[in-house]
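K.L.:
Take this structure first; my questions come after.
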Amino acid sequence: MKRPILIHPDPRLKKACAPVPDLSDKLRVLADDMLETMYDAPGIGLAAPQIGVLDRLIVLDCAKADDGEAPRPLVMFNPQVVASSDERNVYEEGCLSIPDQYAEVERPKVVDVEWLDRDGTLQRETFDGLWATCVQHEIDHLDGKLFIDYLKPLKRQMITRKMVKLKRDRARA
Ligand code: NI
């Protein structure tokens, strides 16, 4: 089932999320809902707080369908960056909670991430390029951090003002 995506600014997007203690069918349904919501948007990543659930859960799929890559939906409970490269990379990032706004953000180019998969099995994988950027962006959400928090205050405020206006216009519509 598709869930509504919260738009910045929203206090729930600024909260640190709690680790998931035990995997349950309810959490697996939530993960499936998040994947459906993400693909529908369309987007390449979504974090639970973006649908108002303050659990440490993210989903992502950065496979490039245009290049003939098969979909690779990943569900990560309690994801953690356990190592990151000194080498850095700049990507133009966006966010489903900040529609139509994009800005360059610099992050480590390669990261090792550990997480629990939907069966509760501990996984560890090295991510590079767009996958690395996306997984770091989504994990940031679990700590109440948005990509605009990396920007200069003036640029951040400008984007926030646009989002306030967008939400006001939507509420009136
Ligand atoms: Ni985001």
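Just so it is clear, glycine is given a Cβ too, placed from its N, Cα and C backbone atoms.
Annotation comment: TrEMBL describes Glu138 as active site. According to TrEMBL, the Fe cation binding site annotation covers Cys95, His137, His141.
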K.L.:
Which chain-mates of Cys95 (Fe cation binding site) that are at least 6 residues away have a CB under 8 A from its CB, listed by sequence?
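P.N.:
His8, Gln101, His137, Leu146, Phe147, Ile148 - these are the non-local Cβ neighbours of Cys95 (Fe cation binding site), listed in sequence order.
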K.L.:
Give the sequence-ordered list of residues that share a chain with His141 (Fe cation binding site), lie 6 or more positions from it, and have CB atoms under 8 Å from its CB.
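P.N.:
Result: Leu13, Ala47, Pro49, Gln50, Ile58.
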